[in-house]
Amino acid sequence: MPVLTRLIPSPVVVDISRGAIGDLAGLLADQRISSSGKLAFAVSDGSGQKLREKLSPLLPGADWYVVSDGTIDSAVKLADGIKGKRYDAVVGLGGGKILDVTKYAAARVGLPMVAVATNLSHDGICSPVSTLDNDNGRGSYGVPTPIAMVIDLDVIRAAPARFVRSGIGDAISNISAIADWELSRQVTGEAVDGLAAAMARTAGEAVLRHPGGVGDDEFLTVLAEGLVLSGIAMSISGDTRPSSGACHEISHAFDLLFPKRAASHGEQVGLGAAFAMHLRGALEQSGLFADALRRHGLPVLPGEIGFSAAEFVQAVEYAPQTRPGRFTILEHLNLSTEQIKDAYADYAKAIGS
Ligand SMILES: [Zn+2]
């Protein structure tokens, strides 16, 4: 008999609301998450301590672990700390680094992971990927999707606005990533997962076209939901394809070529996405991207994040090497340095200033 439907790995609870952290104890008491109340919490030694002070009286069965950085060593140390202590789950409470470390540590000891995101800087908050610094630079490790996802809009609002801006760039870049995926289907015959594409694209379009800004709850809700759906889209496809194409290759190139000067992930992928849309001749969409990025205070030209046009050209040229095997508009066009220069001049002129 054929399979009637497929099951999607996804959190059993998603709470995106104002004051969500205040209800955390109740959420964690859900029998599917923690029946004994024995939980391990991972927090940063900086802003995490304030949340710890606020939450520890409400969570008597919690042990607290401090995570100092986003390295694989920290993740292994955390796993060593929590193993054998009969916790029901591990709760990561913090920004992207804390969540990535917690995801990996939880996977290592076979415990479910609860993600409590304190900023919206990228779509990794609810994804099946843990990005950690290792001896070879940075690696992406496959891990289970979080069992529960909590985003407190009051906490998000208290974080520096640049973190929210970064998430906007990452969400919008989905649209470019899906265009790359569809191009690959046409040219190389790669299979596109229609459900993953639908979720990731809808998330990107909702953020792109929302009239609000980082100061209002309606916009923050759509952005947070968009980032969660992007993560689940990656669980569905089993890779980062729905959210990562030429836009991300360009950003990875910035990270690798200029490690000390790289801007935030979302700033780089947003710029990369606007340029990629231009490269594929989607001029109207490239303009829409540029308008949205500008409106939210994100860069549309490399000079706005401290890179010259020549450095941008260098990054675009290097980009395909950052993701061997991934077919995007960059691999398709296979432009020479001169052609990239011309394309960039054309892009800069088209989006104006
Ligand atoms: Zn991303």
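The backbone N, Cα and C atoms fix where each Cβ goes, glycine too.
Residues annotated as NAD(+) binding site in TrEMBL: Gly96, Lys97, Ile98, Leu99, Asp100, Thr118, Asn119, Leu120, Ser121, Ser127. In the three-state DSSP scheme, Ile98 (NAD(+) binding site) falls into the helix class.
Asp170 (glycerol binding site) falls within a helix when secondary structure is assigned with DSSP. Long-range Cβ contacts of Asp170 (glycerol binding site) within its own chain (separation 6+, distance under 8 Å): Ser121, His122, Asp123, Leu227, Ser230, Ser243, His265, Gly266, Val269, Gly270. The glycerol binding site annotation in TrEMBL covers Asp123, Asp170, His248, His265.
It is 20 Å from the Cα atom of Asn119 (NAD(+) binding site) to that of His248 (glycerol binding site). The Cβ of Asp100 (NAD(+) binding site) lies under 8 Å from the Cβ of Gly70, Ala75, Gly124, Ser130, Thr131, Leu132, each on the same chain and at least six residues away in sequence.
The distance from the Cα of Gly96 (NAD(+) binding site) to the Cα of His248 (glycerol binding site) comes to 17 Å. Between the CA atoms of His248 (glycerol binding site) and Ile98 (NAD(+) binding site) there is a gap of 22 Å.
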